[in-house]
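According to TrEMBL:
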{"type": "DOMAIN", "residues": "1-243", "note": "domain 'Nodulin-like'"}
{"type": "DOMAIN", "residues": "326-538", "note": "domain 'NFD4 C-terminal'"}
{"type": "TRANSMEM", "residues": "63-85", "note": "transmembrane segment"}
{"type": "TRANSMEM", "residues": "91-117", "note": "transmembrane segment"}
{"type": "TRANSMEM", "residues": "129-150", "note": "transmembrane segment"}
{"type": "TRANSMEM", "residues": "156-176", "note": "transmembrane segment"}
{"type": "TRANSMEM", "residues": "197-215", "note": "transmembrane segment"}
{"type": "TRANSMEM", "residues": "227-248", "note": "transmembrane segment"}
{"type": "TRANSMEM", "residues": "339-357", "note": "transmembrane segment"}
{"type": "TRANSMEM", "residues": "408-425", "note": "transmembrane segment"}
{"type": "TRANSMEM", "residues": "437-458", "note": "transmembrane segment"}
{"type": "TRANSMEM", "residues": "470-491", "note": "transmembrane segment"}
{"type": "TRANSMEM", "residues": "511-534", "note": "transmembrane segment"}
Amino acid sequence: MILVATIWIQAFTGTNFDFSAYSSTMKSVLGISQVQLNYLAVASDLGKAFGWSSGLASKCLPLWVVMFISAFMGLFGYGLQWLVIRNVIALPYFVVFLLCLLSGCSICWFNTVCFVLCNRNFPSNRPLAISLTVSFNGVSAALYALAATAIDSSSIPLYLLLNSLIPLITSLFALIPILRQPPLSPLPVDAVRRDSLIFLLLNLIAIVTGLYLLLLPSSTSSTNSRLLFSGALFLLILPLFIPGIIYARNWFRRAIHSHIQRSSGFLLVDIEDLELHKELISRETSSLRLGNAGDVGVTGGGIISNRVKTGEGVLLGRDSIVMLGEEHDIGMLLRRLDFWLYFLAYFCGGTIGLVYSNSLGQIAQSLAHGPETSNLITLYSSFSFFGRLLSAAPDFMRVKVYFARTGWLAIALIPTPIAFFILAASGTARALHAGTALIGLSSGFIFATAVSVTSELFGPNSVGVNHNILITNIPIGSLVYGLLASLIYDANAAPSGMMTESVVCMGRQCYFLTFVGWGCISIVGLASSVLLFLRTRPAYDRYEKNRSSTQQY
C-alpha cells in the first residue's frame with residue numbers, strides 16, 4: 001500500500017516536465033524575452049536548492065504533514081500563475097518568478113516524502129522500491145498532456161490549473177496508507193525473495209503503462225482522450241490489486257486451515273502459531289548468519305559492508321569510499337572528492353537533459369515543428385520513464401551479472417552527447433524525435449539511479465538531506481545552460497541588435513551552437529562519471545563479495 005501511494009505521488013507531481021506546454025503562452029502574456037522566460041524555468045528548478053529544508057522537515061514533522069505542505073505550495077504557486085495566464089489578475093514579473101520558485105520547491109518536498117517512505121519501508125529492496133516509484137515521475141508530462149486534451153485541447157492555461165489541483169487530490173488519496181504504515185521489523189529471507197518477485201511484477205505493469213502512454217494516437221478528440229486517460233488511470237490503480245490479492249490469499253488460507261482444524265482431530269497446532277514459529281526461526285537463522293560472517297557488518301539502513309581497517313580508521317586509497325552505507329554528515333559530504341565527481345556527472349548529465357526538456361517548446365517552434373510540441377513532451381516523458389525503469393535492471397541482474405551502480409551511471413550518460421550532436425547535425429523532425437528520445441532515456445536513468453547511488457555512497461539514513469544537496473546543481477545548471485541557450489536564441493532572433501519583447505527566432509541557427517555546447521559539456525559529465533566509477537568500484541566489489549558469501553553461508 002505504501003509503494004502504491006508513492007507511485008501515485010510520483011506520477012502526478014512531476015509538474016515541471018510540462019513547462020514547455022505553456023511556456024510560449026506565458027512568454028506572450030507577460031511580454032518577456034527568451035532570457036526572462038529562461039529565468040522562470042530557472043526559478044522552478046531553483047526550488048530544488050531549498051530541497052534540504054524538506055529533508056529537515058521530514059525529521060521533525062510527520063510525513064503526511066510534509067506531504068500536504070508540498071501540496072499547498074503547488075496549489076498556491078501554480079494556481080496564481082493560472083490566473084495570470086488567463087488575464088484574471090496582473091502580477092509583476094518578479095512575483096511570477098517567486099511563484100515559479102514556490103511551485104518548484106513543492107516538487108522537491110514531494111520527492112523527499114517518497115524517498116523517506118521507500119527507505120523506511122523497504123530496507124532490503126530499497127533500490128528496487130526507489131527506481132520503481134521514481135520511474136513514474138517520468139510519465140507526469142504524458143499524463144498531464146492527456147488530461148488537458150481530454151478536458152479541453154484548445155486551452156493551454158489548463159496545464160497550470162491541473163498542476164495546482166491534481167497533486168493535492170493525489171495527496172488525499174495517499175493519506176490513508178501513509179497514516180497506517182505497518183511497524184518496521186526485519187523480514188525473513190523468504191519474505192525478501194517474495195518481495196523481489198512482487199517488484200518484478202510491478203515493473204512489468206509499469207512497462208505496460210509506459211508503452212500505453214508512448215503508443216497513444218498523436219492527435220485525438222476529447223472523447224477519445226477521455227477514454228485513453230481513463231485507461232491510464234486504470235493502469236495506475238492496477239498495482240493496488242496486488243496487496244488485495246495477498247490479503248485474499250492469506251484470508252483464504254486461514255479460512256481453509258481453520259475449517260480443517262475444526263473438522264479433524266489430527267491438526268494439533270494452530271496454523272497462525274505455526275506461521276509465527278516459522279518466522280521466528282527464519283529471523284533467528286538470518287541473525288546467526290550475519291553474526292557468524294566474521295568481518296561482515298551491517299551499517300545504517302541494512303547495507304552490509306566490510307570495514308578494512310588500516311592505521312587510524314577506515315581507509316582505502318586516497319579519500320575514496322571504502323564501504324557502502326557509511327553515514328555522511330554535511331561537512332563530511334562536502335569534503336569528499338567522490339561527491340564532487342558525482343555532483344559534476346549529474347550536473348553535466350541529468351541536469352542538462354532537464355534543461356533541454358524545459359526548452360522543447362522553443363526548440364520545436366524554431367525548427368518549424370511547433371505543432372509537435374505536445375508529442376515531443378510525451379516522447380521525452382515516456383522515454384524518461386523507461387530510463388527510470390531500466391535503473392532497476394542492475395538489481396534484477398546482479399545474481400548473474402554484477403556491475404557497480406556507478407558504472408551503470410556512466411553508461412547511462414553515453415546517449416546524451418550523441419543526441420546533442422545529432423540535433424546539431426540535422427534539424428529534421430526525425431532527428432528531433434530521435435534526440436529527444438535519447439536524452440529522455442539517459443536523463444530518466446540518471447534521475448532514478450542517483451537516489452540509490454546517494455544512499456549507497458553517503459548513507460541511507462541521510463539520503464533526505466544529502467540527495468537534496470546533490471540536486472542543488474539543477475538550478476545552477478538551469479541558470480547556466482538556459483542562459484547560454486537564451487542569449488544565442490535572442491541574438492539570432494534580432495541580428496541587428498534591436499531587441500524587442502517576446503521575440504521569436506526561426507531557423508536551425510537558433511539552437512545550433514547551443515546543441516554543440518551542450519554536447520561538449522555532457523562529455524565532461526561522462527568523463528567525471530567514469531572517474532567516479534573507477535574510484536568506487538573496489539567498495540562495490542567488496543560489498544558484493546561479502547553479500548554473496550553471507551548468502552552462501
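Using N, Cα and C of the backbone, Cβ positions are placed for all residues, glycine too.
In this chain, the transmembrane segment (339-357) touches the transmembrane segment (470-491); three or more CB pairs sit within less than 8 A of each other, excluding pairs fewer than 6 residues apart.
Between the transmembrane segment (227-248) and the transmembrane segment (129-150), three or more CB pairs separated by 6 or more residues in sequence fall under 8 Å, so the two stretches touch. Long-range contacts of the transmembrane segment (63-85) within the same chain, counting only residues at least 6 positions beyond its ends with a Cβ under 8 Å from a Cβ of the stretch, are 9, 13, 15, 22, 25-26, 29-30, 54, 57, 91, 96, 99-107, 109-110, 112-113, 116-117, 156-157, 160-161, 163-165, 167-168, 171, 174-175, 178-179. With a cut-off of 8 Å between Cβ atoms, the residues of this chain six or more beyond the transmembrane segment (511-534) that come close are 338, 341-342, 344-349, 352, 356, 359, 363, 366-367, 404, 406-407, 409-410, 413-414, 416-417, 420-421, 423-424, 481, 484-485, 488-489.
Computed over the domain 'Nodulin-like' (1-243), the whole-number mean pLDDT of the model equals 81.
Taking pairs at least six residues apart, the transmembrane segment (156-176) and the transmembrane segment (129-150) share three or more Cβ pairs below 8 Å and count as touching. Counting Cβ pairs under 8 Å that are 6 or more residues apart, the transmembrane segment (129-150) and the transmembrane segment (437-458) reach 3 or more and are in contact.
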